[in-house]
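As recorded in Swiss-Prot, the features of this protein are as follows:
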DISULFID  Cys50-Cys93  disulfide bond
DISULFID  Cys184-Cys193  disulfide bond
CARBOHYD  Asn46  N-linked glycosylation site
CARBOHYD  Asn148  N-linked glycosylation site
CARBOHYD  Asn351  N-linked glycosylation site
SIGNAL    1-20  signal peptide
Amino acid sequence: MLSKATLLLFLPSWARVTYAAFGITTTSSSYVIDANSPNPLKFTVNRSNCDITSINFYGAELQYQGTGSHIGSGLGSASVSATQSGDYIKVTCSTSTLTHYFVVHNGDPIIHMATYITAEPSIGELRFIARLNNELLPNEEPFGEVSNTSGGTAIEGSDVFLVNGQTRSKFYSSERFIDDHRHCVSGSAHRVCMILNQYESSSGGPFHRDINTNNGGQYNALYWYMNSGHVQTEANRMGLHGPYSMYFSRSGTPGTNIDTSFFANLDIQGYVPDSARGKVSGKASGADSTFKWVVHWYNDEAQYWTYTASDGSFTSPAMKPGTYTMVYYQGEYKVASTSVSVSAGSTTTKNISGSVTTGKTIFKIGEWDGQPTGFRNAANQLRMHPSDSRMSSWGPLTYTVGSSSLSDFPMAIFKSVNSPVTIKFTASSSQTGAATLRIGTTLSFAGGRPQVTVNSWTGPIPSAPKDLNSRGVTRGAYRGLGEVYDVAIPAGTIVAGTNTITISVVSGSSGDAFLSPNFIFDCVELFQ
């Protein structure tokens, strides 16, 4: 095999990139880390605050020079040290409640990271943000320009913009945690990807989503949000977040199966090797097989998940020892829950079974999948604001059972925009007895919940759902706590022939347009 030096002899002078030895160069203000990778990667860490101030990859400066890359909006000050042990370099940045690590393996163009916390940062979220040169890295992957807000005019808060007639936001770059293994920024000659293989100390479960990328004009931001207040459904977890990896390449997209087991030998606080973990295996059954099935484990310290195989069989990721709540989902709709204990070095067998149970259905609008799939504007809501001109009319809409399309029913109703939604249906004489209208929702905002009328009868106002204190539908989120409301309809209320149901948003709060109280539909079913 030819050496690097020999290969350089065959390159024209303009194409040569200088190679240096793997190691640390220490200056009065910084540590300069050379990864000794074939496509050279060298980055600089500020010794007083842990900011990355330079990322030189294949001869190009990829770091935005106005502000560094860092945890949160920067640690301000930290105790920073760097050590080399054989083929590994570790930079350790410590404050009273946080320790952040940069780890480099000799020859790899990757900055591995992990973040250990004993308290939530004062800004109320835990993230790493790489602020990158958007002249060389203008693109965002995989969702493209939906989160490019450069040159935009703010239309909601400071995070939703109008750009060339389209609504855009950094929130529209999100992906469900269970599917988000890699997100990137790129240009014609460079690509930088965040590789995510460990969510155990994050919060929100398999279907939570958060900001991934944002070209905001000054720089292109590549994020890893470990937790935040963005439609957060559970308490933040302490301990070690990661490992997570920032991978530098020229044109190729890196794979997501990165081995970081070497962290076990680097004295990383809170790191638990596979040898000290256990697994759960078993079989899920009972749910509708037209949907993907997910099994989810969680406790106060960790969370894990996996898709099942087509026959329902599953094996968990390697888990920290402990007792977990184990949940089985049809799509994103919970159909069963149990408890399981995990021990180090062993696999626990635990089956789980459940299904959606209602009654004799008179009509059903949508499916019990925990998502607004198929409803009007659901296909666009993840990537644009409800006010976007590309959205279909929100109504108020009328849905006629038996003749309307699913897209004639709104994915959400807003108190000041399209409330109520009207449902018309025909009942037989045998269907005039007592019935239940079950309204599945996925997310509520500002206390919004449904109140029902059936013909001349008005149902009760439900108690207010838990306030997540976060904008949702306008920032591309649809999943919250998934409240389900059962409305008991007295016998004789439904008549033989034509009937009319209205579902309205009720709340003690108010707001303008799409920031008025609202909720998102999962499914609406009338049964006896």
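Note that Cβ sites are derived from N, Cα and C of the backbone, with glycine treated the same way.
Within the set of recorded positions Asn46, Cys193, Asn351, the entry lying nearest in space to Asn148 (N-linked glycosylation site) is Cys193 (CA atoms). Of all the glycosylation sites listed (Asn46, Asn148, Asn351), Asn148 sits in the most crowded Cβ setting, with the most other Cβ atoms within 10 Å. Each of the disulfide-bonded residues Cys50, Cys93, Cys184 was scored by how many other Cβ atoms lie within 10 Å of its Cβ, and the smallest score goes to Cys184. Each residue contributes its Cα atom, and for Asn351 (N-linked glycosylation site) and Cys193 (disulfide bond) these two points are 37 Å apart. In this structure, the CA atom of Cys50 (disulfide bond) is 21 Å away from the CA atom of Cys193 (disulfide bond). In the structure as shown, the Cβ atom of Cys193 (disulfide bond) sits within 10 Å of 23 other Cβ atoms. Between the CA atoms of Cys184 (disulfide bond) and Asn46 (N-linked glycosylation site) there is a gap of 24 Å, rounded to the nearest whole number. It is 10 Å from the Cα atom of Asn46 (N-linked glycosylation site) to that of Cys93 (disulfide bond).
When secondary structure is read from DSSP and collapsed to three states, Cys93 (disulfide bond) falls in the strand class.
The separation of Cys93 (disulfide bond) from Cys193 (disulfide bond), Cα to Cα, is 22 Å. According to DSSP, Asn351 (N-linked glycosylation site) sits in a coil region rather than a helix or strand. DSSP assigns Cys184 (disulfide bond) to a strand in the three-state reduction.
Secondary structure from DSSP puts Cys193 (disulfide bond) in a beta strand.
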